[in-house]
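Everything on this sheet refers to the single structure shown next.
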Amino acid sequence: MKIIQASLCLISLLLILPSIFAASSSSEDFDFFYFVQQWPGSYCDTQKKCCYPTTGKPAADFGIHGLWPNYKDGTYPSNCDQTKPFDQSTISDLINSMKKSWPTLACPSGSGETFWEHEWEKHGTCSESVIDQHEYFQTALNLRQKTNLLGALTKAGINPDGKSYSLESIRDSIKESTGFTPWIQCNRDESGNSQLYQVYLCVDRSASGLIECPVFPHGKCGDEIEFPSF
């Protein structure tokens, strides 16, 4: 009888272990973060258009897009833990800052909750071995304040005035200010002109500070790109 009971316990353990391993490995297995900020003028100045949040037009400043766990081979994990859905009550103390620094521009207009939910469930759940839900959003807010992209660019005479600036000068001004090399993503306005859209910086696996990016995403901007107003 004892042998049968022991066998049943062993079988149960073997059935459970794969699911435990899958859950833990999916949330722990990454190498670094991309911290991505977007220029609202470039998001809106396309054929796709945009909608301001229900709280009104955001400030003319870079807004957070996300904090994304990544692998050094350029791929990334996603939707790692369905048991930890977005819970706005866990970040109630951050909501005012989120509305200012992480605004939604998607249509139809929204409060931002859908945007934040998407970012947490697709990307944030893959970083649970390092930071919990509150820390995930707090970390991104801290990084935005620390990097101050618009301040870095305007200090170098690069202003959101619709003029074109060299990609090299944009990259160099951000590197000089932050100490690390950014990756610049462009999109195109309604006339097909290349414009400054998103800035990627890399963060170490512990989410404690910026690092040089192990790998950059694919894509290319022109040598001269527009910096549209907003």
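One-based numbering along the chain as shown.
Note: Cβ is positioned from N, Cα and C throughout, glycine not excepted.
Curation plays no part in TrEMBL annotations; they are all automatic predictions.
As the structure is a computational prediction, the values presented were derived from the model and not from experiment.
Feature annotations, reproduced from TrEMBL:
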{"type": "SIGNAL", "residues": "1-22", "note": "signal peptide"}
{"type": "ACT_SITE", "residues": "His65", "note": "active site"}
{"type": "ACT_SITE", "residues": "Glu119", "note": "active site"}
{"type": "ACT_SITE", "residues": "His123", "note": "active site"}
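The Cβ neighbour count for His123 (active site), using a 10 Å radius over every protein chain in view, is 24. Taking CA atoms as the reference points, Glu119 (active site) and His65 (active site) are 8 Å apart.
All protein chains shown were included, and the count of other CB atoms within 10 Å of the CB of Glu119 (active site) stands at 21. Applying an 8 A CB threshold to same-chain residues 6+ apart, the list for His65 (active site) reads Val36, Gln37, Gln38, Glu119, Gln198.
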